[in-house]
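Worksheet for the structure shown next.
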Amino acid sequence: MTTFSEKEKIQLLADIVELQTENNNEIDVCNYLKDLFDKYDIKSEILKVNEHRANIVAEIGNGSPILALSGHMDVVDAGNQDNWTYPPFQLTEKAGKLYGRGTTDMKGGLMALVITLIELKEQNQLPQGTIRLLATAGEEKEQEGAKLLADKGYLDDVDGLIIAEPTGSGIYYAHKGSMSCKVTATGKAVHSSVPFIGDNAIDTLLEFYNQFKEKYSELKKHDTKHELDVAPMFKSLIGKEISEEDANYASGLTAVCSIINGGKQFNSVPDEASLEFNVRPVPEYDNDFIESFFQNIINDVDSNKLSLDIPSNHRPVTSDKNSKLITTIKDVASSYVEQDEIFVSALVGATDASSFLGDNKDNVDLAIFGPGNPLMAHQIDEYCLTVNIQISTSTFSLIK
């Protein structure tokens, strides 16, 4: 017998979808969850990142082993709300779909974890050991919340970690890292009619970029053996086999120049220009390697005119894809999903696990598994299937 009806579960999700946490204000969700946990006599604690951003930690059970369940409370910007069919911050149920910002990424997964915690406690189905819920702030950008919890030791004693990001029929045991690398070139501004007495920062930046492309292309020729295999993920998401060449490329290091800035007006030689890259490190080419890779090119071009800044730096995470945690989730999920639809894979994206696990990653079984299609994340008219919330809640309740 469940504590909440299906209608009540949807209302709980609706309540936190209405709390607008676009890259901020997670404290509102923390306060809501604190009241909910208090109602069911579950011990919880709010840990502030700053005035408007906070995490909440809740626990049931005691002793070992310790299983951590995690989800983030922030969502990405909804963009122009006029482009949405339904209001992004009002849950709309239509034809078996739950529309709203965060339904997939990832308030749906978070609320499934919260409901699981409450129902296990209320039904006296407490596990042997401890279940610790970690709801985090700031995952979408700098993972401030996860870093705070890791620094305070909330992951030091855990044996397993489930992050309820949207995964469809997938269960993920590992993922790439993510780095933001900004290269800035400086020059000397002068009137564009006399460029020879100035120093065009764009020229220096282009020299860097041309060398980067050449050396990155050469690196990728040798990037052929990978610890992380993302092919099962792509096969499921695109619905067909991918070539060995594409699977090999996707499983390796990737780097994309995604932002370029330079110059302020057409008749002035620019004294500053910048490129920003998103790099996805892998175990073979980790974050330290990437930093050196960029810095070496800067040194080759002109280190007096070029500088490197790394505002975001999340490491790849690996664990045993045949762990007891992964096997248990797969076995339980097969009661609700066709066995041949379930797959185990590495993930191309990054999660709070990068900040959570750190040096402790070799001692923790990791599973990324939650309701929603990952392709719906960050989209206009984001939705999660109602049945996916139900399946995830049922699955989580049996992993204990």
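Using N, Cα and C of the backbone, Cβ positions are placed for all residues, glycine too.
Feature list (source: Swiss-Prot):
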type	residues	note
BINDING	His72, Asp105, Glu165	Zn(2+) 1 binding site
ACT_SITE	Asp74	active site
BINDING	Asp105, Glu140, His378	Zn(2+) 2 binding site
ACT_SITE	Glu139	active site, proton acceptor
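A map of Swiss-Prot features onto the structure.
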residue	record	CB count, 10 Å
His72	Zn(2+) 1 binding site	30
Asp74	active site	24
Asp105	Zn(2+) 1 binding site	27
Glu139	active site, proton acceptor	27
Glu140	Zn(2+) 2 binding site	18
Glu165	Zn(2+) 1 binding site	28
His378	Zn(2+) 2 binding site	16
Message: So, three-state DSSP: helix, strand or coil for His72 (Zn(2+) 1 binding site)?
response: strand
Field: Neighbours of His72, Asp105, Glu165 excl. site residues, C-beta within 8 Å of centre, Zn(2+) 1
entry: Gly71, Met106, Gly109, Leu110, Glu139, Glu140, Ile163, Ala164, Pro166, Thr351, Gly370, Ala377
Task: Identify all same-chain residues not among Asp105, Glu140, His378 whose C-beta atom falls within 8 angstroms of the centroid of the Zn(2+) 2 site's C-beta atoms; report them in sequence order.
output: Val75, Val76, Gly102, Met106, Ala377
- request: Select the closest residue to His378 (Zn(2+) 2 binding site) from the following recorded positions, measuring between CA atoms: Asp74, Asp105, Glu139.
  value: Asp105
Query: Could you state the CA-to-CA distance between Asp74 (active site) and Glu139 (active site, proton acceptor) to the nearest Å?
result: 7
Message: I need the CA-to-CA distance for Asp105 (Zn(2+) 1 binding site) versus Glu140 (Zn(2+) 2 binding site), whole Å please.
response: 10
- request: Provide the three-state secondary structure of the residue listed as 'active site, proton acceptor' computed with DSSP.
  value: coil
- prompt: What is the separation, in Å, between the Cα atoms of the residue listed as 'active site, proton acceptor' and His72 (Zn(2+) 1 binding site)?
  reply: 6
